[in-house]
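To start, the structure under review is shown below, and the notes come after it.
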Amino acid sequence: MHHMGRYQRAENVGIFTSLGTVLAVAYATYAYTTSAPAIWLVTARRIIITSSFLAGSAAVVFILGYTRSGFGAEKKTVSRLVRRTAETIALAVVYFVSIGLISGAIQMFIAQIFGRSFTQYQLAVVMCLGGVIGYIVYVQAALINSRTIATLLPVFVISGVTLAGMMSDDPNWWKNNFSQLGDRTTFGANVFNFTVVLAGVTMLIISYFALSELTTQERLFDSDGNGVDDSEEDGATEHDPVPSRAASHTPSRALSRAFQIRRAILALLLASASVMFACIGIFRYTPHPFLHNLFARGIAGPMILLMLGMPWLVRRLSVAFYFVSDFILVIIAISYIYWFQGNTSLTNVEALAVILFMSWFILFSRHIAALEADRFVALSELPRDVVQKVGHSRLDQDR
């Protein structure tokens, strides 16, 4: 029988998790719609409940996919067990809420089209969503990296804001700013605020993955991105950056200290931006105007420093990424000047800033994921015992 690699196995198992998810959400939806009291069968509540079924199924599928290989070839320790458990719980929560928001927004959109007849087709809609979710979530969980998580970020943010806007009892919220959409105690406002909080948490998780990968890169490669050993006898050249002495090579004290300083500053800026973004949703404007404005306006500080400082903070990224970072800052500055002159609304400026901010974060995570992919290629050329010795076992043959 043909031996399947990591990616092919993930795709094959994803088919079965898709079928299992369809059966699970179909049974749950049927049981709910046939036994719930009439007050719980209005369209909005039907959407909320069925979206919860889909979200719960997604969380279970994610846990199955993310933990299917355990520690691989890594040595099992208490610290790794705690780290692995924390990663699993945090990511499962992100997928639970993300799928809940996305499926809720999709069902709400379909309900707007079908009107009262939506209830006749809801079971079929939920089953279709369940099939897609069961497949995609498992494959993403089995092959997860920072790029995968970042892909979720704009999707659930757009879904959450769309769902909140459609359920808002204030049709004119967009004439002021986005804070007005969440400045209430209604369900729609809570959805918006929770979406913002989850976005901040997701950014924090992406930052964790990014810092971990940058640390690994520093252990294996020189600061210029070449192999850890530049001597000719080890065979590592600019065109063949394989860390042939990764297990024994130790960077100089000055280089190690410089990297730790850059990593600490990068971690501080990423964490500050993530926490501030989450706090915008935690502190609504009406009861907490000072705190809300502090975080909403203060987030510009760490983001500006991140974009301007990228060439020094993360030296392994491309010149194109550094250029895009500066270009985004210029566009945002021009848009605010345009707003101060009264030529556009604050909502438009905020929307542009959030879109560009999310775009930058996605680009950042994808570049980090590209570094990870290149590292796997380099490690795949080393003997298995060397790979395991330096603590890197996430290769196709090990999964």
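Each residue, glycine too, has its Cβ placed from N, Cα and C.
TrEMBL has this to say about the protein:
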type     : residues : note
TRANSMEM : 12-32    : transmembrane segment
TRANSMEM : 47-67    : transmembrane segment
TRANSMEM : 88-114   : transmembrane segment
TRANSMEM : 120-138  : transmembrane segment
TRANSMEM : 150-167  : transmembrane segment
TRANSMEM : 187-211  : transmembrane segment
REGION   : 222-249  : region 'Disordered'
TRANSMEM : 264-283  : transmembrane segment
TRANSMEM : 295-314  : transmembrane segment
TRANSMEM : 321-339  : transmembrane segment
TRANSMEM : 351-369  : transmembrane segment
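Among residues of the same chain six or more beyond the transmembrane segment (351-369), those with a C-beta under 8 A of the stretch's C-beta atoms are 145-151, 153-154, 157, 178, 203, 206, 209-210, 213-214, 303, 307, 317-318, 321, 324-325, 328, 331-332, 335.
Across 12-32, 47-67, 150-167, 187-211, 321-339, stretch 187-211 shows the highest tally of CB pairs under 8 A with the transmembrane segment (264-283). Between the transmembrane segment (120-138) and the transmembrane segment (88-114), three or more CB pairs separated by 6 or more residues in sequence fall under 8 Å, so the two stretches touch. Of the Cβ pairs linking the transmembrane segment (88-114) with the transmembrane segment (12-32) and spaced 6 or more residues apart, fewer than 3 are under 8 Å, so the two regions do not touch. Using a Cβ-Cβ cut-off under 8 Å and counting only residues 6 or more beyond its ends in the same chain, the transmembrane segment (12-32) has close neighbours at 4, 49-50, 53-54, 57-58, 61, 64-65, 68, 122-123, 126-127, 129-139, 142.
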